[in-house]
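Student: In case it helps, TrEMBL gives these features for our protein:
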- 21-107: domain 'Pyrroline-5-carboxylate reductase catalytic N-terminal' (DOMAIN)
- 204-229: transmembrane segment (TRANSMEM)
- 249-271: transmembrane segment (TRANSMEM)
- 249-394: domain 'Ferric oxidoreductase' (DOMAIN)
- 292-313: transmembrane segment (TRANSMEM)
- 347-365: transmembrane segment (TRANSMEM)
- 386-407: transmembrane segment (TRANSMEM)
- 419-442: transmembrane segment (TRANSMEM)
Amino acid sequence: MNKNSSNTMALTPNTSNKRETVCIFGTGDFGRALGHKMLQSGYRVVFGSRSTQVSSLIPKDAEVLSHAEAAQKATIIIIAIQRQHYHFLAPLAEILLGKVLVDISNNLKINQYPESNAEYLAQLVPGAKVVKAFNTISAWALQSGTLDASRQVFVCGDDMEAKQMVMDIVRALGLTPLDQGSLLAAQEIENYPLQLFPMWKFPIFLSLGLTAFFFFYCLTLDVIYPYVYENKDFSFLIAISIPNKVCPILALILLALVYLPGVLAAIIQLYRGTKYRRFPDWLDKWMLCRKQLGLVALAFASVHVLYTLVIPIRSFVRWRISSYTVSQALNNKTEPLDTTNAWISDSYLALGILGFFLFVLLGITSLPSVSNNVNWREFRFVQSKLGYLTLILCTAHTLVYGGKWFLNPSSYKWYLPHAYMLSLIVPCTVLVVKFVLIFPCLDKPLTQIRQGWERNPKYSE
């Protein structure tokens, strides 16, 4: 770090007000970054290392001693080494008796060992007070002053006093400690940094699968079929026309999939007559990733808008308009305005604009910075009431635009329905079932069930 930067200057403590001494076992990247941050926060730092030779990488105000000597100088010892090197701690068990050992290690894969690293450390040094912390913070985050990284530090341990001491250090470093309970939570804390967008996996894989299916479906109907039967080359449609069909289809289906699990949950609760039984695992996971599904749907809708805006400047569209104009001039005939088509065109455009506006509103309110500033009733109104209105508008937009293909025999190429017909299956199903559920004969008992009433109290266990 640049010692002349404003960030460093702001964190440099008053040397007349030093805190207690903290020992760090390990002089790797994280150990050095943590030691540097602690020195800036006013702590005395002593490193325990296999080699006591002073290195230029070690912060100049820190002391480097052997493991045994360093451990004797501090009550809190941070173990900044990997689990496979813990064996040297066993001979130090007498020196570490009663000390607070902070395990910050991570593994290479989830559940790599039967027990967590922190629990293994507690077994190896039974007389010490082991606390799990700092494993969710990177060396880069410490070096950058945590200005561009997460400030949350998960902390767990069996000894409350030891855990409180570690949480005080976390706060002193400008970070936010989150108490996760006893040392049994260490396994989950260690698995957390290894998870790669856990809530995004299902939405992304689902959207990729649906994108591939509808792309090849439209490719078959719009490019392959004309080439086989009419010997016409429409391969240029792959660039804009087909993506501009796939994107709105995906946006509508994914938006419907956001509200489908809620409808299924209501049906299950009505059938069971209680809310005190768990939903199936697949439904629980589905409901947890609804926000991500909605954001992916918004991304597809936004791309659809961009594709639509470039349609007038396409070469194919300009050629078709000029050809139509020349044809009217040669025939000395002007087609009158078809007010029916004008109404249909303006209607589906208006529905699309309104639907996209509400879609964007739903996306904005799902952001933590916005959702944290509204109460539960306001959030539910936007995400539920306005959400269903968005689904209705987007479904109507598709119905008005693609309705002409339902009764047109020429649209069934190779006996396959138009892609827009397939896109309406899920949203129409959701809207129909939701409409049935708002009938008083179903809505009233469902409301009672969600307030705690049970048809059969035996499930209240």
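The backbone N, Cα and C atoms fix where each Cβ goes, glycine too.
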Student: Do at least three CB pairs under 8 A connect the transmembrane segment (204-229) and the transmembrane segment (419-442), leaving out pairs fewer than 6 apart in sequence?
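Tutor: Between the transmembrane segment (419-442) and the transmembrane segment (204-229), contact is present.
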Student: If you run through the domain 'Ferric oxidoreductase' (249-394) with DSSP, how many residues end up as helix, strand and coil?
Tutor: 121 helix, 0 strand, 25 coil
Student: Determine which residues of the chain contact the transmembrane segment (386-407) at the Cβ level, with the cut-off under 8 Å and only residues 6 or more beyond its ends counted.
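Tutor: Distant Cβ neighbours of the transmembrane segment (386-407) are 248, 251-252, 255-256, 258-259, 301, 344, 347-348, 351-352, 354-355, 358-359, 361-362, 417-418, 420-421, 423-424, 427-428, 430-431, 434.
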Student: Other than its close neighbours in sequence, what residues sit by the transmembrane segment (204-229), given a CB gap under 8 Å and a spacing of at least six beyond its ends?
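Tutor: That would be 197, 235, 237-238, 241-243, 245-246, 249-250, 253-254, 257, 293, 296, 300, 413-414, 416, 418-419, 422-423.
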Student: Given a Cβ distance threshold of under 8 angstroms, which distant residues of the chain, six or more beyond its ends, lie next to the transmembrane segment (292-313)?
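Tutor: The answer is 199-200, 202-204, 206-207, 240, 243-244, 247-248, 250-255, 257-258, 356, 359-360, 362-363, 366, 394.
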Student: What is the average pLDDT across the domain 'Ferric oxidoreductase' (249-394)?
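Tutor: So the average pLDDT across the domain 'Ferric oxidoreductase' (249-394) works out to 88.
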Student: So if I exclude everything within five residues of the ends of the transmembrane segment (249-271), which remaining residues of that chain have a CB under 8 angstroms from its CBs? That is, six or more out.
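Tutor: Same-chain contacts beyond the ends: 203, 206-207, 210-211, 214, 279, 283, 286-287, 290, 293-294, 296-298, 300-301, 304, 359, 387-388, 390-391, 394-395, 398, 419-420, 422-424, 426-427, 429-430, 433-434, 437, 442, 445-446, 449-450.
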